[in-house]
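*Asks:* Below is a structure I'd like to ask you about.
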2 protein chains.
Amino acid sequence: MKTLKVGMLGAGTVGSQIARLLLDNKADLASRAGAELELVKVAVKNIKTKRNSIASTLLTDDATSVVNDPDIDLIIEVMGGISPAKELILAALKNGKSVVTANKALLAKDGATLYEAAAKANVDLYYEAAVAGAIPILRPLRESLVGDHVIRIMGIVNGTTNYILTKMDEEGTAFKDALKQAQDLGFAEADPTADVEGIDAADKAAILAGLAFHSRVTDKDVYREGISKITAADVKVAKAMEMVIKLLAITELTDAGEISVRVHPALISRNHPLAAVRESFNAVFVEAKSAGQMMFYGRGAGGEPTASAVLGDLVAVARHRVSGGVGPKESDYASLSIAAIGATKTRYLIRLNVADKPGVLESVAHVFAAHSVSIQTVRQSGAGDKAELIVMTHHSSESALSATVKDLSKLSAVSDVASVLRVEGAI
Amino acid sequence: MKTLKVGMLGAGTVGSQIARLLLDNKADLASRAGAELELVKVAVKNIKTKRNSIASTLLTDDATSVVNDPDIDLIIEVMGGISPAKELILAALKNGKSVVTANKALLAKDGATLYEAAAKANVDLYYEAAVAGAIPILRPLRESLVGDHVIRIMGIVNGTTNYILTKMDEEGTAFKDALKQAQDLGFAEADPTADVEGIDAADKAAILAGLAFHSRVTDKDVYREGISKITAADVKVAKAMEMVIKLLAITELTDAGEISVRVHPALISRNHPLAAVRESFNAVFVEAKSAGQMMFYGRGAGGEPTASAVLGDLVAVARHRVSGGVGPKESDYASLSIAAIGATKTRYLIRLNVADKPGVLESVAHVFAAHSVSIQTVRQSGAGDKAELIVMTHHSSESALSATVKDLSKLSAVSDVASVLRVEGAI
């Protein structure tokens, strides 16, 4: 049996699991790939650090030597970051090596350059692990649904924020307490910005949007709001309305045939399949014209789940080396443009602190009507100083809604616009 | 751009949707496949029947002429049944045509022969539509999870029975009324045997088991029980215990490293992701060693969803024609044996009609202990003539449980073993 030599860039949480599994599952992987997969070189920052699953003789701190090694057939990139990961991957591709990467940030920023280099060298670029960890979602999009038309994707693609929102929903915890708890348990990093502000989810949204709509979509195209402004009061109102707040990565086709791509917290009905996705689990809900509604659920992060996705890709690219062919190339023929956030249409839930006196509802309703924002339901809770109006709208554009909120805040009867939240999912 | 000629066998519900979508999405499919896909011949039983989506000039009642046509590159088989579908597919493969089929019965009975013919001719055999309709599940198993070890699959893979069980659960309907309702709505056929007795689900279980465990598994290997004996009383007890009854296709590795593959109704917790799969939806729950728990959810049947899966495969095999390579071949290297049903371990819920007098529980508990079946919980409901004992066991082998039930029915204190149901999913 042929042997394919594998070089790896990075040996952190994911890389060390990959190295271990390559050894533990050697015989199975060989049977499935049609070739032995031998890890021969691993680039790390510090070769002195002891790594249980990797023989020290494989370690090097010269990453360039890995991607330029003529004996190496396949490269796994799990170092993360933009540079030098990008230069190293491009060098590997140029040298005729197929590359498997989990680098969502790089793919979201400049996937096109990587794809072009892969196509030029006629080698593979696979990256299932970049979105939703162990959940097979990119291969289904790239291959299974390629005979269909995706209409919309809504994903819970960040485990940290889903953990925080689950605690807030189930235990009534305030955001900062839930964040602290997530940090203590290792679900959130010391600097939680990338997770909490939706930066990580936005990278994944860009990748999903590009694949779904056969167009180039980058991280800069993604409208983004995080969850740090979600309050216990928002969560309580959601519960009372049999809804739950989730941080969603959404991409959909607008009526004008443009791509809307955005990450923000949103209310969804407790009956929606995404509502049941708890703690650090991820799920991607896909609507396609012929296939209808689908959901893909599983572990979105963690060393071993992510390693599973990387190894699935590694077997695929190895099989291509053995029996010929390459996987799907970039599919950007549709070249759709990105919709402005103002043109995005969704429903909204607006909470207003109001004076509890006759005529308030009339003046509030007048502002909505003036901006052609149609109201679905209104309910008042509390009385006197604590009177609150909760308004749910029908579908409306972001720009009309913003203008409405601006005018509402000027009303003398409205003391405060307490919150504005989007409502997603079927009515 | 190159044109690939497509022949289709069958033009029923699925076939007519495929024909329509091939025309409607011509430009998109060409961009994605790298070649125009032109439907040139469709074999049907009666060429006189009018078909809206298919020009009558394409129709032929000579299926052999389609698979032997040297101009045809790709064959879609959606006629169903074992013969002549098998002979036609084998002829097509032998003639160097790649084949996309939705024929679960044939794949479950003799997939190995088809795979061998495809390998010999170095062409593709794809069949995503054969299990769970539009839900991408076979490609994830064949490709995404190929670097991992599947431990267990539990699937709701038959929409008819799931619709019936949903009605029984949500409306307290009796089995035969729910079946009648499903028939009236077109979810069940006039002769519902294949669905209701688990024959359809067993074919899918065999296919899933073979892919998951890299072994040959046929329909004959699958232990099978249908849902026709499930009563409204069973459903009521399930509800009281916060569980729901689903018809599950299960395949898992036993402690002895054999494949357990079975279809039967089972109780699962209402917290299990499969519990929320309602009406005619399908879902496949997969547990893998590294990836952990995953679920794939969507439409399991219907003309257009199934056509989506067929067209995804068609684009894949077309792409291989254009840019070289073939997809994964049969992976049966593990050659695991099939576990006897008696060796399968699961939990059980047993309902006994008993005399309401002292000592009953003791004599019942004695029978369980004598067969080393460990009891998790017992509860009594009713009193006098209507006293009922509900016993939940810990994991036990089917053979020990059967022996226990046999002895229980001999007890003077037990007037009747009302039902024995398996309990699946994590404890």
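Each Cβ is built from the backbone N, Cα and C atoms, and glycine gets one as well.
On a predicted model such as this, the values are computed, not experimentally measured, just so you know.
Sharing the record's features from TrEMBL:
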| type | residues | note |
| --- | --- | --- |
| ACT_SITE | B:LYS204 | active site, proton donor |
| BINDING | B:LEU9, B:GLY10, B:ALA11, B:GLY12, B:THR13, B:VAL14, B:GLY15, B:SER16 | NADP(+) binding site |
| BINDING | B:LYS104 | NADPH binding site |
| BINDING | B:GLU189 | L-homoserine binding site |
*Asks:* Residues with Cβ closer than 8 Å to the Cβ of B:GLU189 (L-homoserine binding site), same chain and 6+ apart in sequence?
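*Replies:* Those within reach of B:GLU189 (L-homoserine binding site), by Cβ under 8 Å and sequence separation of 6 or more, are B:THR160, B:GLN183, B:ASP195.
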*Asks:* In angstrom units, rounded to an integer, how far apart are the Cα atoms of B:ALA11 (NADP(+) binding site) and B:LYS104 (NADPH binding site)?
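*Replies:* Checking the Cα atoms of B:ALA11 (NADP(+) binding site) and B:LYS104 (NADPH binding site) gives a distance of 17 Å.
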*Asks:* Counting only residues 6+ away in sequence within the same chain, which have a CB under 8 Å from the CB of B:LEU9 (NADP(+) binding site)?
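*Replies:* Spatial neighbours, sequence-distant, of B:LEU9 (NADP(+) binding site): B:VAL42, B:ALA43, B:ALA63, B:VAL66, B:VAL67, B:ILE75, B:ILE76, B:GLU77, B:VAL78, B:MET79, B:ALA85, B:LEU88.
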*Asks:* Can you tell me how far the Cα of B:VAL14 (NADP(+) binding site) sits from the Cα of B:LYS104 (NADPH binding site), in Å?
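*Replies:* Their Cα atoms are separated by 14 Å.
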*Asks:* Got a sec? Which of these recorded positions, B:LYS104, B:LYS204, has the most Cβ atoms within 10 Å?
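*Replies:* Its Cβ has the most other Cβ atoms within 10 Å: B:LYS204.
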*Asks:* Which chain neighbours of the NADP(+) site, leaving out B:LEU9, B:GLY10, B:ALA11, B:GLY12, B:THR13, B:VAL14, B:GLY15, B:SER16, have a Cβ atom within 8 Å of the mean position of the site's Cβ atoms?
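*Replies:* Not counting the recorded site residues, we get B:MET8, B:GLN17, B:ILE18, B:ALA19, B:VAL78, B:MET79.
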*Asks:* Fill in the CA-CA distance, B:SER16 (NADP(+) binding site) to B:LYS104 (NADPH binding site), as an integer in Å.
*Replies:* 19
*Asks:* Neighbour count, 10 Å Cβ-Cβ cut-off, for B:VAL14 (NADP(+) binding site): what number do you get?
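*Replies:* A count of 26.
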*Asks:* Under DSSP, is B:LEU9 (NADP(+) binding site) helix, strand or coil?
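*Replies:* In three-state terms, B:LEU9 (NADP(+) binding site) counts as strand.
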*Asks:* May I ask you to report the DSSP-based helix, strand or coil state of B:GLU189 (L-homoserine binding site)?
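*Replies:* It is coil.
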*Asks:* Can you name the residues of this chain that are 6 or more positions from B:GLY15 (NADP(+) binding site) yet have a C-beta less than 8 Å from its C-beta?
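*Replies:* Sequence-distant Cβ neighbours: B:MET8, B:VAL42, B:ILE76, B:VAL78, B:MET79.
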*Asks:* Tell me which residues of the chain lie with their Cβ under 8 angstroms from that of B:GLY12 (NADP(+) binding site), as long as they are six or more apart in sequence?
*Replies:* B:VAL78, B:MET79, B:GLY80
*Asks:* Where B:THR13 (NADP(+) binding site) and the residue listed as 'active site, proton donor' are concerned, what is their Cα separation in Å, rounded?
*Replies:* 20
